[in-house]
C-alpha cells in the first residue's frame, strides 16, 4: 500500500514546535543545540514514514496471532548529510531508519551575492530507483540545495527525492518545489537578508552545532 504523498509538509506537532523554540534561543550551547536538532530529525522521520509503502503482516505473539504492518520501502532509502551542519539532523533520521544507506556531500556557499556554491566532496551510493532524503537544517536562498541536486545527477535517478529542513524561506521553497521535490519543514519564513540568512531564522546551524571554525 502507498501512504499519502504531498509536495510541501509543514510539521506542526507541538513537541516539534517546542524543540524549535529551544534551538532558536540566543546563547544555546552546542550540545543542547545538537540534541534538539537530532530530536527534530527523528520526529520528522516519523512524519515522512507515513508516505512510504507498506504491507499487512501477521506475527506470532506469546498468546496468539496479531495483525501488523511492515514498511517495504526501508531498503530503498538513502540519507544524505551535508557537511557539517546537517550531521545531528541526519542522526535523528537514522534513529528511525537505521538500515538506510548514507551519503555525504561537502558544499560551501559564498557569503556574498550571488552566493555561488562549490561542491568539494561527494560520496554517495547509487541512487537509481532509491528514495533520497536530503537533510539540511536551513533552506535560505536555495542555492546550496540546487547545487547539491545538480551534483547528484551523475549518481543516478532517484524514484523520489525528499528534502528535510528545520526552517525554510519562501524563496528557497519556491525554487526547490519547482523541481518536483518533496519538502518537509518545521517553519516557513519570508525574509532572507543581504548575507543570505533567513530572518529571524536561527543563525548558522553549523557554527551553533560545532562551534565557529577558525578559517
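Just so you know, glycine gets a Cβ as well, placed from its N, Cα and C.
Swiss-Prot names 84, 109, 136, 137, 138, 139, 140, 141, 142, 143, 144 as 5-phospho-alpha-D-ribose 1-diphosphate ligands; from the candidate set 29, 204, the record adds 204 to that same site. In this structure, the CA atom of residue 136 (5-phospho-alpha-D-ribose 1-diphosphate binding site) is 9 Å away from the CA atom of residue 205 (uracil binding site). The distance from the Cα of residue 138 (5-phospho-alpha-D-ribose 1-diphosphate binding site) to the Cα of residue 204 (uracil binding site) comes to 9 Å.
Residue density at residue 84 (5-phospho-alpha-D-ribose 1-diphosphate binding site): 14 other Cβ atoms are found within 10 A of its Cβ, drawing on all protein chains shown. Cα-Cα distance from residue 84 (5-phospho-alpha-D-ribose 1-diphosphate binding site) to residue 204 (uracil binding site): 11 Å (rounded to the nearest whole number). According to its DSSP assignment, residue 142 (5-phospho-alpha-D-ribose 1-diphosphate binding site) is coil. For the binding-site residues 136, 204, counting C-beta atoms within 10 A of each C-beta gives the highest total at 136.
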